[in-house]
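J.: Got a structure for you, written out below as structure tokens; questions coming shortly.
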Amino acid sequence: MIDFKSIIGKVATGATLTRDEATAAFDAMMSGEATPSQMGALLMGLRVRGETVDEIAGAVSAMRAKMLTVTAPPDAVDVVGTGGDGSGSVNVSTCAAFIVAGCGAPVAKHGNRALSSRSGAADVLAALGVKIDITPDQVGRCIAEAGIGFMFAPTHHPAMKNVGPTRVELATRTIFNMLGPLSNPAGVKRQMVGVFSRQWVQPLAQVLKNLGSEAVWVVHGSDGLDEITISGPTFVAALKDGEITTFEITPEDAGLPRAPAESLKGGDAEANAAALKGVLQGKPSPYRDVALLNAGATLIVAGRAGDLKEAVALGAQSIDSGAAAARLAKLIAVSNTAE
């Protein structure tokens, strides 16, 4: 058993933890072996100093070791945002997930209810009629039969109940805001991850590389969006063939028009569900464009397209042929017929 006090003492001096120390510390927290004050001290110490790649990788390893896993094809992909960007935008990655699935790439989407916005992935999917509180085996069946499955974080990460109250009391962003998107229960090795701050774009790509991911885009919009934005440039760190490159992309790179960030403002779960349905029905809008851009990046990560223009054209075909909407209909049907 780890000496948690010595870990806090180390962080208090400004020293960094090794990956193994971080794994042990977060294992203790999620096992209920650390007291609330010890957890709060460590989380705030890391936040104030700034978490390192090794510390995040160690924490993710601890979280992955405790999660309830889902069986998915080896080429499955996730498209997910950290949330916490304060934008109150429509559900971009959720909409993108159906577009990607409509292109034939298996999607193992991981998400939760809203933390800071009015509608998280789980909220909007539930409003659409998807059953979200299903077992890991049932999620696997959704991926196999519908080409897409949704893994509701609390179901797959039961050990998080031990840190939940401390997180609520701290009421500020901690390392845990980054761990969820990096701890996909289907063990996907291809990820499109949006983050709430530019400072984390390159480090999180490095974390995923260190943890064995094969193809990754980590993105942050210049307007603060934890997705690829259509209001301006987006900062990207891409992992491909073991190498990480950083670059910027714009909507024009994909042949899409710009639109102000305000055009992506969302509402509650019902309003966002209606907007998502509108996109899948083929209605032109800035929401369609931003969903296509994020789906396009995910298709590149999935190995289905070589560049953004090609990827966005594939995504548009997925919508306009009805394939994306068919994936949603199938997910609703399969998730509600639990065996």
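Residue 1 is the first one shown; counting continues down the chain.
Glycine is treated like the rest: Cβ placed from N, Cα and C.
What you are looking at is a predicted structure, and each value in this text was computed from that prediction instead of being measured.
Relevant sequence annotations retrieved from Swiss-Prot are reproduced here:
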- GLY81, ASN112: anthranilate 1 binding site (BINDING)
- GLY81, 84-85, SER89, 91-94, 109-117, ALA121: 5-phospho-alpha-D-ribose 1-diphosphate binding site (BINDING)
- SER93, GLU227: Mg(2+) 1 binding site (BINDING)
- ARG167: anthranilate 2 binding site (BINDING)
- ASP226, GLU227: Mg(2+) 2 binding site (BINDING)
J.: Considering only the binding-site residues GLY81, SER93, HIS110, ARG113, which residue has the minimal Cα-Cα separation from ASP226 (Mg(2+) 2 binding site)?
T.: GLY81
J.: Here are some binding-site residues: HIS110, ARG113, ARG167. Which one has the most Cβ atoms within 10 Å of its Cβ?
T.: HIS110
J.: Report the same-chain neighbours of ASN112 (anthranilate 1 binding site): residues 6+ apart in sequence with Cβ closer than 8 Å to its Cβ, ordered by sequence.
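T.: Listed in sequence order: GLY83, GLY120, ALA121, ALA122, PHE152, ALA153, PRO154, GLY180.
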J.: Which ones, of the binding-site residues SER89, ARG113, ARG167, GLU227, have a Cα no more than 10 Å from the Cα of GLY81 (anthranilate 1 binding site)?
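T.: Qualifying among SER89, ARG113, ARG167, GLU227: GLU227.
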J.: Looking at the binding-site residues ASP226, GLU227, which one has the fewest other Cβ atoms within 10 Å of its own Cβ?
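T.: Across ASP226, GLU227, these binding-site residues, the one with fewest Cβ atoms within 10 Å is ASP226.
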J.: Given ARG113 (5-phospho-alpha-D-ribose 1-diphosphate binding site) and ARG167 (anthranilate 2 binding site), what distance in Å do their CA atoms have, once rounded to a whole number?
T.: 15
J.: Using DSSP reduced to three states, classify ARG113 (5-phospho-alpha-D-ribose 1-diphosphate binding site) as helix, strand or coil.
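T.: The residue in question, ARG113 (5-phospho-alpha-D-ribose 1-diphosphate binding site), is coil (DSSP, three-state).
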J.: Sort the binding-site residues SER93, HIS110, ARG167 by C-alpha distance from GLU227 (Mg(2+) 1 binding site) and give me just the closest.
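T.: Checked the binding-site residues SER93, HIS110, ARG167; minimum Cα distance to GLU227 (Mg(2+) 1 binding site) goes to SER93.
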J.: Where HIS110 (5-phospho-alpha-D-ribose 1-diphosphate binding site) and the residue listed as 'anthranilate 2 binding site' are concerned, what is their Cα separation in Å, rounded?
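T.: Just about 20 Å between their Cα atoms.
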